[in-house]
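Heads up, the thing below is written out as structure tokens.
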Amino acid sequence: MFFQKKIFLRSGLQEETYLPECVIMKPGRASLQDAMDEAEEVIFGSVSTLLRKTGVSPQDISIVVTNCSLHNPTPSYASMIVNHFKLREDCKAVHLGGMGCSASLIACKLASDLLRLRPKQYALVVSTENISLNWYTGNDKPMLVTNCLFRLGCAAMLLSNKPSDRSRSKYELLHLIRTHRAADDKAYRCAYQQEDSEGNLGIALSKDLMGVAAGAASTNLAILAPYILPYSELLHYVFTLLCRRLLGMKIKQHQPDFKLAVNHFVLHAGGRAVIDEVQKSLRLTDYLTEPSRCTLQRWGNTSASCLWYVMAYLEAKRRVKAGDKVLMLGLGSGFKCNSAVWLALSDAGTNKDNPWLDCIHRYPVLNTLCSGGHRGKPL
């Protein structure tokens, strides 16, 4: 408990994050029913809100893609949605398990690929993580860290390839790049589910995690760069590379500036150290990483869904304008890095279903924006 308190105070999380009731009332003694109750509460709530907001009937949805890494019951989450909302019988339902914190963009990629095969369709993507049966009760320090970071959350997104929906859509998906470094043993085991010496199940986070994450992000962005960076930035990079390798000149290799290509950065709120590492690698300002840090403070690491809480922060602050480009960067076990570039089709406005609506006025928090500390005062 002493170790967990010390980690929590340095984690960047505040005291408004959410845990399942069973973890609070009976930690380590959760049942399968507890896990199912948790899943149904967040999934059905998110999807119901989405359908009400968009005015889309469940019968109009032909593709469902869900993702949850650590809880994969039978029937699957995708089947739960089909059953609860009575979706049509020819609905293509897929569940992704064990894909880590970057799984939401993998689900979006799969839904996008399926939409390419079926014109004028709707695809529902639901991202969550289940904590009830995955709360670690042992004393292994690398496995206790997850208790201090992961919290309850869920996000539901509706994708459409109907031309008539363009006028009311928030964003258009321009690019989505996936990279996977599981061939490297260090990357493969840096976030690993295992039992400790006493048989307690949990996720062990290795000390190599930050270096692996930085390397995975660098590889992914190198693939993305030619699609979005201006030609001047690409030529500058190639020029310094040739000077170093062919002419042997001792000059610094130019690092592409992604701020020239996108307006907003939605970074995985996996932890204070993760955000620090990505900020340093991309040379981002505190203003650009503010949405991810505030998401970590308010909601914690909600795994795959956290990217959408960061996006909701940008919308609640009304920072996204029509024509802006938003770069999403997801990091997860495997080790995987996935990135997506979205084009805003309209100015962002605060709606009554935005999760930040009742608290956005308190963020960013003055003393925690850069330091990642536990307490602070709102600006």
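We number each residue from 1, going along the chain as drawn.
From the backbone N, Cα and C atoms, a Cβ is placed for every residue, glycine too.
Some features that TrEMBL has for this protein:
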DOMAIN    3-245  domain 'FAE'
DOMAIN    262-342  domain 'Beta-ketoacyl-[acyl-carrier-protein] synthase III C-terminal'
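Residues belonging to the domain 'FAE' (3-245) score a mean pLDDT of 93 in the model. Residue counts for the domain 'Beta-ketoacyl-[acyl-carrier-protein] synthase III C-terminal' (262-342) under DSSP, helix first, then strand, then coil, are 39 helix, 20 strand, 22 coil.
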